[in-house]
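TrEMBL has this to say about the protein:
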COMPBIAS  1-15  compositional bias 'Acidic residues'
REGION    1-75  region 'Disordered'
COMPBIAS  21-48  compositional bias 'Basic and acidic residues'
COMPBIAS  60-75  compositional bias 'Basic and acidic residues'
DOMAIN    80-120  domain 'Nascent polypeptide-associated complex subunit alpha-like UBA'
């Protein structure tokens with residue numbers, strides 16, 4: 001251990017002989033500068049209230065159209081007549097709830113075969 005301490009002291013003495021402290025290796029400062037430029041740009045960019053309102057109205061319109069289309073589809077499916085026996089068959093064979101069996105039958109216009117195939121896929 002004493003030998004290691006002597007070696008450390010000798011290294012420090014050699015560094016101090018030149019009169020300059022040992023320089024530490026520099027890290028990449030350019031990355032920090034690049035990051036600063038990116039954050040400055042993001043902070044300076046502002047969103048106008050009119051653009052925000054326009055975007056919100058577009059989103060709201062799209063949602064209302066999708067909801068309306070979904071309601072119309074549900075009305076069309078409700079008009080399809082299905083047999084109780086077909087619902088029971090699908091429920092027992094596929095071990096699914098009545099609502100899922102009815103939905104599948106209605107989507108396939110009461111065709112049991114197509115409904116079963118769709119449920120197995």
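Note that the numbers count up from 1, one per residue, in the order the chain is shown.
Backbone N, Cα and C atoms are what each Cβ position is placed from, and that goes for glycine too.
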Helix, strand and coil residues within the domain 'Nascent polypeptide-associated complex subunit alpha-like UBA' (80-120) as assigned by DSSP: 30 helix, 0 strand, 11 coil
Contact set, same chain, for the domain 'Nascent polypeptide-associated complex subunit alpha-like UBA' (80-120): CB under 8 Å, 6 or more residues outside the stretch: none
